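Feature annotations, reproduced from TrEMBL:
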- 10-131: domain 'Nicotinate phosphoribosyltransferase N-terminal' (DOMAIN)
- 153-350: domain 'Nicotinate/nicotinamide phosphoribosyltransferase' (DOMAIN)
- 355-458: domain 'Nicotinate phosphoribosyltransferase C-terminal' (DOMAIN)
Amino acid sequence: MYIDRPASYTDYYELTMAQGYYLSGMHERRASFDYFFRKNPFDGGYVIFAGLKELIETINSMSFSPEEIDYLVNEGFDKEFINYLEEFEFTGNIWSVKEGEIVFPNEPIVTVEGNLLETQLIETLLLNVLNFQSLIATKACRIKFAAGDNSTILDFGLRRAQGLAGIHATRAAMIGGFDGTSNVYSAQRFKVQAGGTMAHSWVQSFNDELTAFRTYAEHYPKNTILLVDTYDTLGSGVPNAIKVGKELREEGYELQGIRLDSGDLAYFSKQARTMLDDAGFPDVKIAASNQLDERVIASLRTQNAPIDVFGVGTRLVTGDNSPALDGVYKLSSIGGDPTLKISENIEKITLPGHKKIYRYLNPDGSFYGDALLLDSETILERMHHPTFPAQKSNLNGRNYEELLFQVIKDGKLHVDLPSVKEIAEYKKERFSKLNPEFKRFDNPHIYKVGISTRLMETRDNLLNLLKP
Ligand SMILES: Nc1ncnc2c1ncn2[C@@H]1O[C@H](COP(=O)(O)OP(=O)(O)OP(=O)(O)O)[C@@H](O)[C@H]1O
Ligand SMILES: O=P(O)(O)OC[C@H]1O[C@H](OP(=O)(O)OP(=O)(O)O)[C@H](O)[C@@H]1O
Ligand SMILES: O=C(O)c1cccnc1
C-alpha cells in the first residue's frame, strides 16, 4: 500500500466538497472522472504511465481510521457526515490503461466511475501517485533510451530525492527501464535488483588507495567495482585497479569494474579502457556517474565513450528539467449525463462522457495514432484533431487495440496486477512499437490523438448548450 492512512491523504477541499454533496443529498449521484495530462514532460514525445498498482491497492483498502475520524470531528465536520465516513469504502469502478503503457496528452488514461462523493474523494491521492511515478518512469525511459539497450543503468538517487519520494522514484525508474538501484528499501519492497560500488569515503579511510582497493577485493572478490577518481584517475586509480585485478585473477576471480565519478568522462573512459585492455582486462566494465541525464549520456555516446554502466541519481529522481507532470482529474459525466469544463483556451475544454481509447497500428505493428471515442461506439472510419476538426485521419483498414481495461469493479479488485518486473517488461515491449521520430529529444514528432465524430459532436452540442 502507498501510505498508512490514505483516506486523509487528500486536499481539505475534497472533504468539504464531499460533506457538501452529502448534506445536499447529492452524494449518491453517479459521476465519472477522467485522469489525463495536457503536455508531455521534458519537451518529449510521450509519457510512460506508472503508479497504477499502488493506487489501486490503496483505493481498494481505503477507510477512515479512528484517528482520522477524531481529526475531522475536531475540525467541526458534521456528525452524520462523519458517521457516513466511518463506514466509507470505495464502491465504484475504475478503468485504466496498463501500467507501463506509452501514453500521450489528452487521453483519458484512467476513468473513475461511482458515486459523486467517493469519486471526488480519491482525486488528490490519484493525482499524487500517478503524476509523480509517470514523470519519473518517463525520465528513466529517456535515460535508458540515450544509453542504449547494451548498457546497464543504475538508480543512485535516494540521497538527492525530495524526501520519501525516493521510494517511489525507484519503483518508477525500474518501470521506465533501469536495471537496478542502490536503494535498498525500494529493492526489497518492490522486489527489484539492488547493488552498487563504493564511495570516496571508503578509499579515504585507508592509508593509501591500493590498500583500500585490496581490502575491498578481499571482502568481495566476486563483486569488486573500484572507484578510481579519489586522487588521480589515470595516474593512480586505474593502475591500482589493474594491480588488484591481477591479484584477484591469481585467486581465481575477475575484477568486475571501475567507476569514474568526475572529470571528462569521455576522455577518462577512453584512456581507462585502453589501459585495462592493454593489461589484459577487456571484460572489466567501466561505470560512470556524476550529474548524468539523458542529454549528457547521449553526448557521451556520440563521443564514443566506452562506458558500460551509468549510475544516475539527482536528475532522475527530481525529474530534472520538468519537475511535475501536469496530470488532472476532470468530471466527464454527472447523473448519467455527459458534462464538460469550458475554457477560454480551446485546448483546455474537456471531453465529455465515458470514453474508450483505440490505438491504431501501422502494418508493421508500430503505433500509428490513438482515437478517443464514446463507450457506446465500436467501429471508427476516421478521427478528428481535437481542436482543429477539419484535420482528419482515415482509420479504415487499420488494426487497433483497446487500451482501457477494468481494474476495479463495484469496489472490488477485478484483475491481478503485475509486479514491477512484469510492468517493466511490458513497457519495454510497448516502447519498441513507438517509432523513433517520437523518441528523439529535440522537436519530437507529435503523436496523433484524435476524437471520433460522435465524441466531437457531443462536445460541440454541450458547448452550444452551456454557452451563456
Ligand atoms: N565528455 C563529456 N561530455 C559531456 N558532458 C560531460 C562529459 N564529461 C562529464 N560531463 C558532464 O559534465 C558535467 C560537469 O562535469 P565536471 O567535470 O565539471 O564535473 P565536476 O563535478 O565539476 O567534476 P569534479 O568532481 O572533478 O569537480 C556533469 O554533468 C558531467 O556528467
Ligand atoms: O550525481 P548523481 O546523478 O546524483 O549521482 C549520484 C552521486 O552520488 C554520489 O556522490 P556523492 O557526492 O554523494 O558522494 P561521493 O563523494 O561518493 O561522490 C555518487 O558518487 C554520484 O556522483
Ligand atoms: O553504489 C554506488 O556507487 C552509489 C550509490 C549511491 C550513490 N552514488 C553511488
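Using the three backbone atoms N, Cα and C, a Cβ is placed for every residue, glycine included.
These numbers come from a predicted model, not from an experiment.
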| pLDDT averaged over the residues of the domain 'Nicotinate/nicotinamide phosphoribosyltransferase' (153-350) | 97
| task | For the domain 'Nicotinate phosphoribosyltransferase C-terminal' (355-458), jot down how many residues DSSP puts in helix, in strand and in coil. | result | 21 helix, 35 strand, 48 coil
| note | In DSSP terms, the domain 'Nicotinate phosphoribosyltransferase N-terminal' (10-131) comprises 56 helix, 21 strand, 45 coil
